[in-house]
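Visitor: Got a structure for you, questions after.
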Amino acid sequence: MASSPSLAVAVVVLLLLALFAAAAADDASCHHDLQLVKIKSWIDGKKDVDYNGMTARFSSYLPEDADQASKTPALFSDPIDCCSSSTSKLSGSVALCVRGTCDFTTKATFAQSAGATATLMINNADELFEMECSNYTRINISIPVVEITKSTGDTLNKLLTSKSKVEILLYAPTRPVVDYSVAFLWLMAVGTVICASLWSDITAPDQTDERYNELSPKSLSEAGKDDSEDLVNIDTKGAIVFVITASTFLVLLFFFMSSWFIWVLIILFCIGGIEGMHNCIVSLALRKRPKCGQKTQNLPMFGEVSIFSLVVLLFCVIFAVVWVATRHESFSWFGQDTLGIGLMITVLQLARLPNIKVATVLLCCAFVYDIFWVFISPVIFQKSVMITVARGDKAGGEAIPMLLRFPRLSDPWGGYDMIGFGDILFPGLLVSFARRFDKANKKGVASGYFLWLVIGYGFGLFFTYLGLYMMNGHGQPALLYLVPCTLGVTVVLGCKRGELKYLWSYDADSSSSS
């Protein structure tokens, strides 16, 4: 008799555990992972276009490979909203349902009871959202439930009302977290930094050319003076103000981004891209063929202009206009990257860091800026400000053009891998400074800083994509990895070589004069 209370307690515990297990099972049935769905279609036996969709939280899982799925006829339920038992035969078919007065689980339950193998829920807008359980009753849905957009539903509706036989096949290919196309993006970013740092050496005129032998010392000094007047030396105050201004502009983009705001950015990008592309083409051409720039033409308001430079300018303008007109096409990434790389190379020629002191202030501010707007801003704004602006979520999905893009080649869903200009320009300023420092102090390749900073930048980008993979595709602040791998390398090498104090207060003008 003494064991009766213990037995009663055991029974109560078992019942509670069973209750919790049942609740957990019910909860799990409503919290399936969402799957992006590919919908292949055939019209009267002929292959038609593919559509996209997304499964519900309570849907059964679809196969990842199309070979594991089968073609099934598509039919509209009767009633069309699937809010009551269907009077039409749905056995062995995919049921199409429109939005109605009942919840999604009710629609799926009636479609399943009518014998449907799957259900396509037609949204009343051209977007997809999560379909979740609307109540806490036990759900027993064993068929796939997929949401499609209004335009897709309208297309299928027209085909079915025209008495065409529509067959569809549903499968959910997985999206790779990191596509191997990031290797090409890595090459473009590292190549841009290297080219910008070595640009003065690449485009330096051939001193044996007779045109330059005729220049007097006076004209040479005047040319050097004109070049130096075009440069912008960043100081500590300017670095702080720049990052504050960038943060303010980012917040404005987040709250007020719209189609017209995107057009303003596109126009500014094209102006800078045209200037950068023109500068790069003319510099390279005159390096090989100096006589190309000797023929000039007098133009009203502009004065004497090189004919070659004018032709190149017209080509760059046409190139930019064509890119704007075709920016939504699959090949538009090439034009955007060409304009962007030319722009960044030119910027890195005009803007310069005078020493490591300014570089430390600028890169540390940019480091905090990147981490805050990617990781911390969701706590304040409910979403990542940086990622939202980069993707153009508030501008109809049109991303800002200040990005290098490359198509995701192995991703069945397509899309692009991207890297922002800031992730190239900020470290690029330091790498360019290292190249000028090595050249002014006659340092060798291994004994200098340029080679090691390029290697550090390459590893920083590698760690960025590694972090992207480990965080399951969640956007990463690239400067979180790039700043330690570039500025950190400079500080460590400077300490080891006993040159950190010299680098900290380096003055290129006094160094060159001495």
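Numbering starts at 1 and runs along the chain as displayed.
Placement of Cβ uses the backbone N, Cα and C atoms for every residue, glycine included.
Bear in mind that TrEMBL entries carry predicted annotations, made automatically and left uncurated.
Pulled from TrEMBL, these are the listed features:
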SIGNAL    1-25  signal peptide
DOMAIN    86-156  domain 'PA'
TRANSMEM  180-199  transmembrane segment
TRANSMEM  238-256  transmembrane segment
TRANSMEM  262-286  transmembrane segment
TRANSMEM  307-325  transmembrane segment
TRANSMEM  331-351  transmembrane segment
TRANSMEM  358-381  transmembrane segment
TRANSMEM  413-434  transmembrane segment
TRANSMEM  446-466  transmembrane segment
TRANSMEM  478-495  transmembrane segment
Visitor: Using DSSP, break the domain 'PA' (86-156) down into helix, strand and coil residues and give each count.
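Guide: Breakdown, helix to coil: 17 helix, 14 strand, 40 coil.
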Visitor: Which residues of the chain, 6 or more past the ends of the transmembrane segment (478-495), have a CB below 8 A from one of its CBs?
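Guide: Sequence-distant neighbours of the transmembrane segment (478-495): 356, 359-360, 363-364, 366-367, 369-371, 419-420, 422-423, 426-427, 430-431, 434, 449, 452-453, 456-457, 459-461, 463-464, 467, 502-504.
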Visitor: Could you pull out which residues elsewhere in the chain have a CB under 8 Å from any CB of the transmembrane segment (331-351), counting only those six or more residues past its ends?
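Guide: Apart from its flanks, the transmembrane segment (331-351) reaches 188, 192-193, 195-197, 199-200, 230-232, 234, 269-270, 272-280, 319-320, 322-323, 401-407, 416, 421, 424-425, 428-429, 432.
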Visitor: Do at least three C-beta pairs under 8 angstroms join the transmembrane segment (180-199) to the transmembrane segment (307-325), pairs 6 or more apart in sequence?
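Guide: In this chain the transmembrane segment (180-199) does not contact the transmembrane segment (307-325) - fewer than 3 Cβ pairs sit under 8 Å.
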Visitor: Cβ pairs under 8 Å only, please: of the recorded stretches 262-286, 307-325, 358-381, 413-434, which one is richest in them relative to the transmembrane segment (238-256)?
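Guide: That would be 358-381.
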Visitor: So if I exclude everything within five residues of the ends of the transmembrane segment (446-466), which remaining residues of that chain have a CB under 8 angstroms from its CBs? That is, six or more out.
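Guide: Same-chain residues near the transmembrane segment (446-466) but 6 or more away: 178, 182, 186, 189-190, 193-194, 197, 419, 423, 427, 430-431, 434-435, 437-438, 476, 478, 480-486, 488-490, 493.
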Visitor: Same chain, outside the transmembrane segment (307-325) by at least 6, Cβ under 8 Å from its Cβ: which residues?
Guide: 266, 270, 273-274, 277-278, 281-282, 285, 292-293, 295-297, 299, 332, 335-336, 338-339
